[in-house]
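Visitor: Here it is, the structure, as C-alpha cells.
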Amino acid sequence: MATSASRIAPTTPQSSHSRAWDALTPPLSEWILDAISAMGFSRMTPVQASTIPLFMAHKDVVVEAVTGSGKTLAFLIPVVERLLRLESPIKKHHIGAILISPTRELATQIYNVLLSLLAFHGPSAARLQRTENNSGEVDESNPASSYPPSTLKIVPQLLLGGTTTPTQDLSAFLKQSPNVLVSTPGRLLELLSSPHAHCSQSSFEVLVLDEADRLLDLGFKEDLQKILQRLPKQRRTGLFSASVSEAVDQIIRVGLRNPVKIAVKVKGAGLEDKRTPASLQMTYLLTPPTHKLPAVKYIVSTLSPTPQRSILYFSTCAAVDYYQHILPCILPDRFTTIPLHGKHPPQVRQKNFTRFVNSVTSSILLTTDVAARGLDIPAVDLVIQIDPPTDPKAFLHRCGRAGRAGRRGLSVIFLHPGREEDYIAFLNVRKTPVTEFQSTSTSTPSQLYSSSHFSASSPKNPQTFHPIQITTADATSTTEKIRALVLRDRAIHDKAQRAFVSWLRSYSKHQASSIFRVADLDWEELGRAWGLLRLPTMPELKGFTGDRNLGVSGVDWDNYAYKDRQREKHRRMEMEGRSSSNVNNNGDATGSDKGPLKRPATSESIPWSQNLERKSEKERRRERKKIRRYHEQWKKMTEEEKERVRETEQMVNAVRKAVQEQDQTVTREEEFEGFD
C-alpha cells in the first residue's frame, strides 16, 4: 500500500506495528479499543492509520481509498472521539455532527456500525437503552441512571426517506434530542429546515460526506447547497470516496479549509498504481449473449469453495424484475436469488437487503448500481457483471463489493466478442486492470479465489488454466428452458419485453459509446439470450430484416394467458371490446396474426379534458382513502396518543409557517454560490 498526502510533512515508511490501534496519537479511548477488539480488527488499515490522526487533530480531510478499505471506521472514530472530548455536553436540540450518505442502505449501515461502537460506551449505551424502553421519552432526571445528565454521551438518529415521515422524524428529534444525525440529503434538509433543529457555531463540530463524488452528482447538488448554507463555516469536514479524483473540481467548492488530501492505493506486481484491493481478483469473460447465463451457472457451480454470497449486476431495474423469475430455473437448487433495485418500495429494499446479508445458504443478489456504492455486505465472494455499467466509474464500485477488508474475492465482467474487447484496454488506462477468467480444468472445481491460485500475475500452475467452454447445446438448452417458463405466464413475457427495451436504452447511453455501439448488436442472438418469444417493436429495429419471431412458432397469442385470474379476465374483456369495435368499424375482426393486442388509449391519445378529469377523480379517491385511514387510526388511539398527535401537528404547522416566512424574507447574508 502507498499513502500520499498533501500539506503535511513527509514521514518515514510506517512499520507494521505502527498500525496498531493503541499506537495512535492522540491515543484512542479505552472503550473504543475494546469495541474495535470485539469487532475483530487487530490492526488499522492504511486508510485508517492515515486518516484518524489527522481528522482528530482538527484537519479537514479528502480521502480517496480503494473500496473495502475501512473508510467507515476512519470517520466514525474521530467523530465520536471529538464529541466525547468536548468541555460540556451539547445543548438540547443542538446537533454536533452530521454524516451524509447517498443511499438509504449505506446510511443504515453507517448507523448500525455507530451503534456497535456506542454499545461499549457506558453513558451512550445507557441512554440508547432508555430511549428504546421508553419509546423515545427520555427523562434526564431519572435517579435510576448511574450517569448524571452532565455526562458526555452520543445520541444518534437515523433519517431516511420512505421509512418514516418528516413529521415522525421531527417528533423523534424533539423527544430524543440527538447530537449525531446519519441521513440521506433530502430527509436531512427537511429536518434542518425546522427552527427547532440548531447547528450553531458553539455546538456543531463535524460534517462527513461519505461516497462524496456520488453525493455531488445530479440530484444531490441542490440539497447539499441548502444544507451547507445552514451549517457554520467553522467546522471540520471530511469527504470519503473510492474515486475522489474524478470529482475533485466539485469537491473543492464544498467549503473545506486547507484540506489534507489522502490517497491510499494498491501497488501491483509491476509497482503500478491500482485502485482496487490486492485481495480482489478482477477478471473478464468474452462470451456471446446466449452464453451468458450458462456461464453464470458454470462459474457459481464450479468455484471451490462454493460462493456463499454472490452479486449479479444488471443495467436496469426491469432486467432485475425479469431475471428474478428466470434464474431459479437455470441455477442449481442450492442457490437462492434475491432481487434489489431502486424502484422497489423502501420496505421491500430493506427486507431483501437484510435477507441477503443474513442468509445462511448460498445466495445471489440480483441488483443494479443501487448496491454498487459503499455497502459493506459481509463475506461477498463473487461479483458478476452481466451488463457493463453505463458509467465507467461504477465498474470499480461494483467490483469492490467483494474482496473487502482483506477478504479474498473474485469479480467477473461479461463482454461480447468484437468491439467490446476494447473495454479491457479502457479499464487498464483507468488503473483497474482485468485479466481473463479461466478455469483450472474441465473436470475439477476452479480455485480462482483460493489462496493457492489467487494471483493472476503469477499463478502457481499457469499451464493448468484453460478458458471455460460453453457449448452451443448449452446455450440452446438454456433458451428453451427460459421460453418454457415464459409460456406458462404472459406476465413474464411482458416483463421480458419491457426489460429488453430498457436494457437497449441503457446500452445506447453508455458513456464509452465508441465501444458499446447499438449498430454492432446481433438482434436475433440477443433475443434468444433473453428467451424472448419475439422481438419488441422498437425504433432501433426499423431496418431489421431478420426473423422477428426468433424461430418461435405456434404461439396462440389470443389464448396466451396470465396466471393471475383477475389480470387475465381484464385482458379478455379488453380483447373482446377491441374485437367488437373492429367489427363495427371495419366489418372484420383483427386476427391474432397481427401481433399482440394494443393497449387502450393512453393519456397522450385521449382529449385533454378527459385526461384531466380522470386524474382529478383518481386524486379525489386517493384523498378519501387517506382520510378514511386517518379516522380509523384515530379511533384506535388512546387520549394520550391523541394529545401527542395534536402537539406534533401544532409543531409542524409552526415549522411550515416559519419556513415560509424565512423564504419570503430577503437576507443580506453571504450566500453559498453552489456548484458550477
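Residue numbers in this text run from 1 along the chain shown.
Just so you know, glycine gets a Cβ as well, placed from its N, Cα and C.
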Visitor: Suppose you had to name the range Swiss-Prot annotates as motif 'DEAD box'; which of 66-69, 210-213, 562-565 would you pick?
Guide: 210-213
Visitor: Quick test of the contact rule: Cβ under 8 Å, at least six residues beyond the ends. What residues does that give for the compositional bias 'Basic and acidic residues' (630-645)?
Guide: 171
Visitor: Count the other Cβ atoms sitting within 10 Å of the Cβ of S69 (ATP binding site), across every protein chain shown.
Guide: 24
Visitor: I need the most crowded of these binding-site residues: A65, T72. Count other C-beta atoms within 10 angstroms of each C-beta and give me the top one.
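Guide: Answer by Cβ density within 10 Å: A65.
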Visitor: Based on DSSP, name the secondary structure state of A65 (ATP binding site): helix, strand or coil.
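Guide: DSSP call for A65 (ATP binding site): strand.
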Visitor: Six or more residues out from either end of the motif 'Q motif' (21-49), which same-chain residues have a Cβ under 8 Å from its Cβ atoms?
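Guide: Non-local partners: 1, 3, 14, 56-57, 63, 65, 69-71, 73-74, 77, 80-81, 84, 116-117, 119-122, 262, 264, 405.
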Visitor: Let's see if you can do this one: DSSP helix, strand and coil counts over the motif 'Q motif' (21-49), in that order.
Guide: 17 helix, 1 strand, 11 coil
